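Each remark here refers to the structure printed beneath this line.
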């Protein structure tokens, strides 16, 4: 039977998804199932690792059944996943010793504070992992499990426990324990992997007291990791041939293969990644250095910046203020006026991310006069999303010395044409919106397809990724500079507010 399809396994923070793609990049079927979010204490977030596997294997079978695709028609599987979330399990039984600790979980903040008391070690971590010391990353989460779960430390020291990010857990289960591996992109998010030597970092492992025997083998993002066990998917042994963290897979799905190419994902927040080539670039502007993907043992590096509040500001003006009935209405109101008339909205509801990193900043609306109307506030909210993206992308330009070679966009907010046009104006750069919405899944299947010869090269991938719309700058650079100065002044007003007035 001909192998006409590739299956994307897209394991996210709130749901497990499976997407079947054909050779032209068309979607045959999507299946999705949400799973339980566990909050044992304030600031703690967990997932049931067995529920993750159960929902993920379930949607894979569902996509095949309802897409009318037989398992032996699948040429390969590509995995993309929520990053940093980590699981520790028993090597013999395959049972987790504790729930998965999710990337959002802040329980290891005190461990991070302890590390930060040693500035030289903090510097070492940044220079060798590309990351800042934060509870966000996997390393301190593993330490917490070993220190707090009864018997875990002893078992780990005896070589009886394994750890892995979500991709590793899925590979382990898909192969029935035959393969314990991760890819370079996911490894680079653990705070345990040296992105220069491309090995697990012994100095950091020793500091956190994590036995190296627990760690998975690190493989290329585009490579056959192993095959599914014959009992997993209807008797078929399907190659698992592509693996990447979700934001990395999106960069690959956007075909950002050249240095200077960047993508921005507009979700609740924003994640911007720029391809910086075959050598790591370290940021002076608060960005993270990461491995985008690796092929044939050669990594491609990226800079990453995150904005905490993007699409969430539209939810706020809808649900909190009642200024619009639906998110789609925001575009209608924003286009009823020519400008915000000097009004700026800084959505620092939970502080500010890149490049400000101010946890005490708070939301601010400035420039209000007696003439300010609902439309001005709505438009200012949309413009704030674009200004924050510009903040991040300007940092990338500063760190790399590269001009932005256009911006590829995805996520829910890209359906707002006003926002995309304003983003193009404020960046003075072309914005490309692809026809396909499932860019993360597409990136995973692109990686898998290249590994098994389903597609021959990246040039063929570029022909599959078709553009729905291109936005070109329509404002002159002087007007843009004037507006951006106003944004910067507004941000200054929002800084340290909770610290000063709590």
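Here the Cβ of each residue, glycine as well, is placed from N, Cα and C on the backbone.
Copied over from Swiss-Prot, here are the features:
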| type | residues | note |
| --- | --- | --- |
| BINDING | 13, 17, 268, 311, 412, 416 | ADP binding site |
| BINDING | 13, 14, 15, 268, 311, 315, 412 | ATP binding site |
| BINDING | 13, 83, 84, 136, 246 | sn-glycerol 3-phosphate binding site |
| BINDING | 83, 84, 136, 246, 247 | glycerol binding site |
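Sequence features annotated in Swiss-Prot and their locations in the structure.
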residue: 13; record: ADP binding site; Cβ neighbours (10 Å): 17
residue: 14; record: ATP binding site; Cβ neighbours (10 Å): 11
residue: 15; record: ATP binding site; Cβ neighbours (10 Å): 14
residue: 17; record: ADP binding site; Cβ neighbours (10 Å): 23
residue: 83; record: sn-glycerol 3-phosphate binding site; Cβ neighbours (10 Å): 25
residue: 84; record: sn-glycerol 3-phosphate binding site; Cβ neighbours (10 Å): 25
residue: 246; record: sn-glycerol 3-phosphate binding site; Cβ neighbours (10 Å): 24
residue: 268; record: ADP binding site; Cβ neighbours (10 Å): 15
residue: 311; record: ADP binding site; Cβ neighbours (10 Å): 19
residue: 412; record: ADP binding site; Cβ neighbours (10 Å): 15
DSSP-derived class (H/G/I helix, E/B strand, else coil) of residue 17 (ADP binding site): strand
Listed binding-site residues 83, 84, 136, 247, 315, filtered to Cα within 10 Å of residue 13 (ADP binding site): 83
Distant-in-sequence Cβ neighbours of residue 247 (glycerol binding site), under 8 Å, six or more positions away: 83, 265, 271, 273, 304
Neighbouring C-beta atoms (10 Å sphere around the C-beta of residue 315 (ATP binding site)): 12
By Cα-Cα distance, the member of binding-site residues 246, 268, 311, 412, 416 nearest residue 15 (ATP binding site): 246
Nearest of the binding-site residues (14, 84, 136, 246, 315) to residue 268 (ADP binding site) - Cα to Cα: 315
Listed in sequence order, residues not in 13, 83, 84, 136, 246 with Cβ within 8 Å of the centre of the sn-glycerol 3-phosphate site Cβ atoms: 82, 85, 103, 189, 245
Cα proximity to residue 17 (ADP binding site), best match among binding-site residues 84, 136, 246, 315: 246
For the glycerol site built from 83, 84, 136, 246, 247, further residues of that chain with CB within 8 A of the site's CB center: 82, 85, 103, 189, 245
For residue 416 (ADP binding site): intrachain residues, at least 6 apart, with Cβ closer than 8 Å: 327, 328, 330, 331, 382
Proximal residue to residue 315 (ATP binding site) among binding-site residues 84, 136, 246, 412 (C-alpha distance): 412
Maximum Cα-Cα separation (Å), residues 13, 14, 15, 268, 311, 315, 412 listed as binding ATP: 20
Residues near residue 136 (sn-glycerol 3-phosphate binding site) in space but at least six apart in sequence (CB under 8 A): 84, 103
Pairwise Cα distance for residue 246 (sn-glycerol 3-phosphate binding site)/residue 14 (ATP binding site) [Å, integer]: 13
Distance [Cα-Cα, Å, rounded] between residue 311 (ADP binding site) and residue 14 (ATP binding site): 17
Inter-residue Cα distance where the pair is residue 412 (ADP binding site) and residue 14 (ATP binding site), in Å: 16
